[in-house]
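Q: TrEMBL feature annotations, pasted as is:
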type     : residues                                      : note
ACT_SITE : Ser110                                        : active site, phosphoserine intermediate
BINDING  : Asp60, Asp337, His341, Asp378, His379, His454 : Zn(2+) binding site
BINDING  : Asp60, His171, Thr173, Glu332                 : Mg(2+) binding site
SIGNAL   : 1-17                                          : signal peptide
Amino acid sequence: MISPFLVLAVGTCLTSSLVPEKEKDPKYWRNQAQETLKYALELQKLNTNVAKNVIMFLGDGMGVSTVTAARILKGQLRHNPGEETRLEMDKFPFVALSKTYNTNAQVPDSAGTATAYLCGVKANEGTVGVSAATERSRCNTTQGNEVTSILRWAKDAGKSVGIVTTTRVNHATPSAAYAHSADRDWYSDNEMPPEALSQGCKDIAYQLMHNIRDIEVIMGGGRKYMYPKNKTDVEYETDEKARGTRLDGLDLVDIWKSFKPRHKHSHFIWNRTELLALDPYNVDYLLGLFEPGDMQYELNRNNVTDPSLSEMVTVAIQILQKNPRGFFLLVEGGRIDHGHHEGKAKQALHEAVEMDQAIGQAGSMTSLEDTLTVVTADHSHVFTFGGYTPRGNSIFGLAPMLSDTDKKPFTAILYGNGPGYKVVGGERENVSMVDYAHNNYQAQSAVPLRHETHGGEDVAVFSKGPMAHLLHGVHEQNYIPHVMAYAACIGANLDHCAPASSAGSLAAGPLLLPLALFSLSVLF
């Protein structure tokens, strides 16, 4: 067994040796603080331009502890200690906190939260695009309780719109942008109960193709939900689980193609090679379905068949920004959540780092003058890291001491509950006997569950660009799309906007009625 004194001694040496020389000089910290202060004072000059473009990055399950751990990982991937690293979202000037509870749940799910931050209305867990008057799985409570999303508001205003996700395109987060469903799990009619079908409810994949027929960009996974039952998948020909699921016999990809005007350039693609071969300037509509279900984890990704989130975002923006009226783009790093549910912190954190890369890519392609970018999460997880680890300690490494109770080592990363609960010989598993740096290592948890759960604490909201300062303090989660719509002069609240020109486009300069900004911030 490892001596606790040896571990503590090694930790002390690491702490001393990993302090950069410049950080030992008080001037370094004072100068850094003064530069930060200077930048903060500049923020008093508010950007009150109209947001021609709005980009929303949603890190599914990306709680504050995940953001911090991803920051350290990003730095360590560059061979730095990690703690001093800045994520792209760290560079955003405005930060708020979002209260994530659902109308009927203290600890929320991704469907009710998606309805909040996309439709501006809080909802029950498990429901998408409907108000709290709709009860989960009860189709007959849907009609009349539908609520529309900011994607619809942007489309109605003449903007181009897009959805990019690493999950299925009909998963909880993206579906709230276009669907109205009493159950998030109704991916195709195969997953719906007979009662719901007989009452006239439609599955989410069907709604994706029919509710808003002119979404310019749709990319993610979910191929099998678009095809008739048992149709062989184009990529996994021998995998029965990858086959089509639809009971109604519809080919939704063919339906998608049929809805597009003949004079427009529409492309359906299913692999990375096809995506990178596109000339985005000659693409009007793009449907990219790269996996039968969710896309692969970034660490497992096939570089031939599956694009990265950054690559999808790049192509999406190139297509959408051709519209002189601007665009709305929803980007989901959806598998952060899946990694945590499986207790696989390494998978989750690499997903978060890749989303941060995509955030930086989007920033390089757009301007702060006319593009509002918002980065947030729907909820957190019971994910934590601690144990008095020294500076530069591998984020996936051990704490520098043994437990003073069972005398065994433990990793810095732990979960409050989940599949990592292990008992060997009546005692907690000795992690020094397993490969805790493995991509699929399941971190230890306090309570055994097949799937780790969400956390209920507030999540961060990072924002930059026009009207970003309206995201400040602590807000209800449903406040977020109201700010995005206000900044872009779309949706119902248009009193502050300059009149449209003869060309139908919004004035590019500052919004009218700047005093209304204060009123809006107070109302929510």
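The chain as shown is numbered from 1 upward.
In case you wondered, yes, glycine gets a Cβ from its N, Cα and C as well.
Those TrEMBL annotations? Automatic predictions, nothing curated.
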Q: Between Ser110 (active site, phosphoserine intermediate) and Asp378 (Zn(2+) binding site), find the distance joining the two CA atoms and give it rounded to the nearest Å.
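A: Cα to Cα, Ser110 (active site, phosphoserine intermediate) and Asp378 (Zn(2+) binding site) are separated by 6 Å.
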Q: Sequence gap of 6 or more, Cβ distance under 8 Å: name the residues on the same chain that satisfy this around Asp378 (Zn(2+) binding site), in order along the sequence.
A: Leu58, Asp60, Gly61, Thr100, Pro108, Ser110, Thr113, Ala114, Tyr117, Thr173, Val459, Gln477
Q: Measuring CA to CA, name the entry from the binding-site residues His341, His379, His454 that ends up nearest Glu332 (Mg(2+) binding site).
A: His379
Q: Near the Cβ of Thr173 (Mg(2+) binding site), how many other Cβ atoms are there if near means within 10 Å?
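A: Result for Thr173 (Mg(2+) binding site): 29 other Cβ atoms within 10 Å.
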Q: Within the chain of His341 (Zn(2+) binding site), which residues six or more apart in sequence place their C-beta under 8 angstroms from its C-beta?
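A: Expected: Gly61, His381, Gly418, His451, Glu452.
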Q: Measure from the CA atom of His171 (Mg(2+) binding site) to the CA atom of Asp337 (Zn(2+) binding site) and give the result in Å, rounded to a whole number.
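A: One finds 12 Å between the Cα atoms of these residues.
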Q: Neighbours of the Mg(2+) site Asp60, His171, Thr173, Glu332: Cβ within 8 Å of the Cβ centroid, same chain, sequence order.
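A: My list of surrounding residues reads Leu58, Ser110, Ala114, Thr165, Thr166, Thr167, Ala172, Pro174, Gly333, Gly334, Asp337, Asp378.
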Q: Using the alpha carbons only, what distance in Å do you get between His454 (Zn(2+) binding site) and His171 (Mg(2+) binding site) once rounded?
A: 17
Q: Report, in whole Å, the straight Cα-to-Cα distance of His171 (Mg(2+) binding site) from His379 (Zn(2+) binding site).
A: 15
Q: How many other Cβ atoms sit within 10 Å of the Cβ of Ser110 (active site, phosphoserine intermediate)?
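A: Excluding its own Cβ, Ser110 (active site, phosphoserine intermediate) sees 27 Cβ atoms within 10 Å.
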